[in-house]
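K.L.:
Structure in structure tokens, see below.
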Amino acid sequence: MKIRKALGINALSQLIIFAVNFTSIVVISRLLAPEEIGIFSVSVSVLAFAHIFREFGVGQFLIQIKEVTRQRLRAAFTVTLCISWSIAVLLLLLRTPIAGFYGSPAIAEVIRLIAVNFVILPFGAPLLSLLRREMRFDKIAIVNISNTVVSTTVTIGAALAGESYLSMAWGAVAGSISSVVILNIMRRGQVFMLPAVRGLGEIMRFGSLSSAGSILSELGNSAPDLILGRTLGFAPVAYFSRANGLRNMALGQIITLVRGVYLPSFAIDVRAGQNPAYLYSRAMNYMIAFTAPALAVLAVMAAPLILFLFGPNWERSAPLATLLCAFAIFTTPTSMASTSLVACGKVGLLLRAQVVTQCFRILSLLSSIWLDLDQVVVVFSISYVIECIILLHSLRVAFNLNLMEFWRAVRAAYLIVPISIIGPVLIRIYDYFSPNTFTTLTIITASAFLFVSGWALGIAVTKHPLKMEASLLLAHLNLFGTREHL
């Protein structure tokens, strides 16, 4: 019940954040040109590595350690503070050479402004991890929603004021300031602490292993912007970013929703002696039932969605989004693999897997030296399938996960996919042979209704465990309604 409540709060929080971010993307896509957004995307990709060094595994350390004392919290704050401020100085010194590498002075301006974030972030990051450890997702939701609203408001306002590619950087800084202010109100005396030396050793040991894995993971995530920005230019980066953003609407949002609850709860269950292979298979059966159908319908509806949401300037992203979403369906079995390995202390095994997978990913992107954007996306998508295979092998080694038993545990979730997308596929076929019969909005609305109906039907037909969860939810709502009536 505690996990259901945590997931419910997380779901509501992520829904609000998604709606605000979605609005921001739509508005900014119409206020700024693809080249302007591309400049910011490349800058953020460079800074993504800096964010990993700033975190240094401190958040994971505070979540997985058996006991968090005041001394450990001060030590965690000290590590975060020293690393973050050092990175801020380093970014200011390197901003011009980085901009010169990409041949765009604008990147130096973005990096200079976002460097301010690294001065602010240490005062909130450890406390957010502590709240997550305590599963206080209600307070985390307040912080995150406030951050998003402030960031979006400032971003749009700056864009309207003519700040161009700096608009999103101003928004990021404003959002960080709002988080620190709210956390200070919630936990006075814990946001601003005196640094401490005692306890640094255990954090540094854990953080070095955790950060190595995170750096490799972020290298793969940021590689498209970093490599394509150099080989193909800023506009292709923006097109790829929009296409990948559509994929993240399904996969990224659900993973973000679940991961915060999954990490502490999985670690607790494993420490209690439960079988990690069983825990992982059960969790993936639920995850795949959400992510795989959502990715499938996004692959089918990519063209009308991008045209309606972002305008005709972004039509080039539609076929890329279809490919990325379709291939992502094959990666859903390992969406929580990294989190599970970290929760069980298998950081070394995860690191070895990431070395291999990120090499494949980077090599696929380097094909952009010879191939065009569409061909690169195909090769890049195949690298994700290879990553899935490698991570499944790592899970087998770590948890003795039997792949046949795992397939039997999750196959019902995959059977939901074809049932859920029958309606949208028929609509797209009809629109292809009879173009301009319906408006884009009508096509999207009808497809959404048919998808949800097909998804519910798929859950019922396959007798997926979500059917029982839905019954419990309906019973709870009926009970609540009866009490209100009385």
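Note that Cβ sites are derived from N, Cα and C of the backbone, with glycine treated the same way.
OK, TrEMBL features for this one:
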TRANSMEM  12-33  transmembrane segment
TRANSMEM  39-63  transmembrane segment
TRANSMEM  75-94  transmembrane segment
TRANSMEM  106-128  transmembrane segment
TRANSMEM  140-161  transmembrane segment
TRANSMEM  167-186  transmembrane segment
TRANSMEM  286-311  transmembrane segment
TRANSMEM  317-337  transmembrane segment
TRANSMEM  349-371  transmembrane segment
TRANSMEM  377-399  transmembrane segment
TRANSMEM  411-430  transmembrane segment
TRANSMEM  442-461  transmembrane segment
K.L.:
So which residues does the transmembrane segment (106-128) touch in its own chain, when a touch means Cβ under 8 Å and the partner is 6 or more beyond its ends?
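P.N.:
Cβ under 8 Å, 6 or more out: 39-40, 42-44, 46-47, 50, 54-55, 58-59, 62, 73, 76-77, 80-81, 84-85, 87-88, 91-92, 94-96, 98-99, 140, 143, 165-166, 169-170, 172-173, 176-177, 179-180, 183-184, 187, 190-192.
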K.L.:
At a threshold of under 8 Å on Cβ distances, which of 12-33, 39-63, 75-94, 140-161, 442-461 pairs most often with the transmembrane segment (167-186)?
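P.N.:
Stretch with the highest Cβ contact count: 140-161.
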K.L.:
Taking a Cβ cut-off under 8 Å, which residues six or more beyond the ends of the transmembrane segment (349-371) line up next to it in the same chain?
P.N.:
209, 212-213, 216-217, 219-220, 223-224, 227-228, 231-232, 338, 341-342, 379-380, 382-384, 386-387, 390-391, 393-394, 397-398
K.L.:
Rank 140-161, 286-311, 317-337, 442-461 by Cβ pairs under 8 Å to the transmembrane segment (377-399) and hand me the top one.
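P.N.:
So the stretch in question is 317-337.
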K.L.:
Could you check whether the transmembrane segment (286-311) and the transmembrane segment (317-337) come into contact, where contact means at least 3 Cβ pairs under 8 Å with the two residues of each pair 6 or more apart in sequence?
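P.N.:
Touching, yes - the transmembrane segment (286-311) and the transmembrane segment (317-337) meet the threshold of 3 or more Cβ pairs under 8 Å.
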K.L.:
What residues elsewhere in the chain lie close to the transmembrane segment (442-461), defined as a C-beta under 8 angstroms and at least 6 residues from its ends?
P.N.:
289, 293, 297, 300-301, 304-305, 308, 415-417, 419-424, 427-428, 431, 467, 470
